[in-house]
Amino acid sequence: MVSKKKKTTSRHTTESEEGRHSFEIVGYSLKKGIGVDAFIESATFAVGGYDWCIRFYPDGNGDGAKDYISVYLELLTKNCAVRAAYDLRLVKPATGLSDKFGPPHPTFMQRSLLEMEASGYIKDDRLTIECFVTVVVKESMASNTVKAHDLIKVPPSDLSENFGELLEKEEGSDVTFVVGGEKIAAHKIILAARSSVFKAELYGQMKEKRARRVTVEDMQPDVFRGLLHFIYTDSLPDMDDLSDDDYYEMIRLLLVAADRYAMDRMKLQCESILGEHLDVQTVATTLALADQHNCNGLKDVCIEFITNQNKMDDVVATEGYADLKRTCPSVLVDVFEKAKTWHFAA
């Protein structure tokens with residue numbers, strides 16, 4: 001009698017989520033001397049469903065580390081077990097490249113080496129630390145049993161691409177907007193489904209109810225196209241061809257358009273972009289914009305930037321501050337109240 005040999009296989013898989021956080025320390029020289037075991041933290045960032053932060057000890061952590069800097073990744077989520085791997089790196093501003101260091105240790109790097117001009121890590125009294133985190137989110141064991149989903153591959157949704165093509169090709173459009181002398185075709189039902197303002201204009205009691213042509217005042221054609229792009233695809237348009245100044249100006253204009261047409265997610269996305277790229281020259285202008293369009297989160301970020309980074313004198317010297325003082329004087333009360341609170345806390 002011949003016996004049958006049965007062969008089976010199995011596979012263990014691990015799903016992970018990767019994240020990267022950049023922590024810029026402005027005024028590095030002012031952080032020295034706070035004492036051994038004293039640290040500053042980055043903002044909280046999420047990877048794999050857990051909250052993390054980077055801790056930087058300018059004067060070292062622990063005995064024997066006073067001549068070193070210490071850097072750690074800190075898990076902030078409480079009462080949980082996490083499997084993760086991570087790298088801590090120092091960035092060279094001149095090249096944008098980063099150098100990977102070994103596992104975290106109180107003697108992460110000798111301070112004298114860090115501060116040498118040849119090291120290239122500190123520029124304009126700024127130090128940038130990058131952390132790359134990989135978190136295990138799921139582990140599974142699979143046998144050789146064939147399942148339907150192994151043979152039938154479901155592609156990712158292409159709904160946004162389909163709607164984007166609908167806008168671009170103007171197929172089935174039933175309304176034309178005249179913006180700055182240019183004609184832009186769209187679909188009433190899509191606009192109404194996404195924006196309560198468009199719904200009222202196109203299907204409510206407003207004068208455009210039966211109109212197939214609507215004139216849009218006080219908006220540039222490219223800005224209106226950007227608004228429609230978000231309405232159809234739920235994403236901001238590609239603006240890689242713009243310079244940095246033109247890009248952020250377009251984001252400001254898109255924020256105004258989003259506020260005008262009650263596109264809350266688009267508005268918040270624009271707020272987030274502006275809030276992450278503040279500088280002395282633009283923060284007053286951005287603060288005025290936030291105040292005028294009820295962007296409370298962006299307003300708080302601007303005030304925090306001015307007060308906590310001790311940039312008040314530099315900001316006051318800008319044209320944007322003069323415009324802010326003229327157009328939104330009430331917001332200056334919030335700035336100075338925050339500055340006073342921060343001063344006493346320090």
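Every residue gets a Cβ built from N, Cα and C, even glycine.
The structure displayed is predicted, hence computed values, not measured ones.
Annotated features, as they stand in TrEMBL:
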DOMAIN    18-133  domain 'MATH'
DOMAIN    173-240  domain 'BTB'
Looking only at the domain 'BTB' (173-240), what are its DSSP counts of helix, strand and coil residues?
28 helix, 14 strand, 26 coil
Report the DSSP secondary-structure composition of the domain 'MATH' (18-133) as helix, strand and coil residue counts.
12 helix, 53 strand, 51 coil
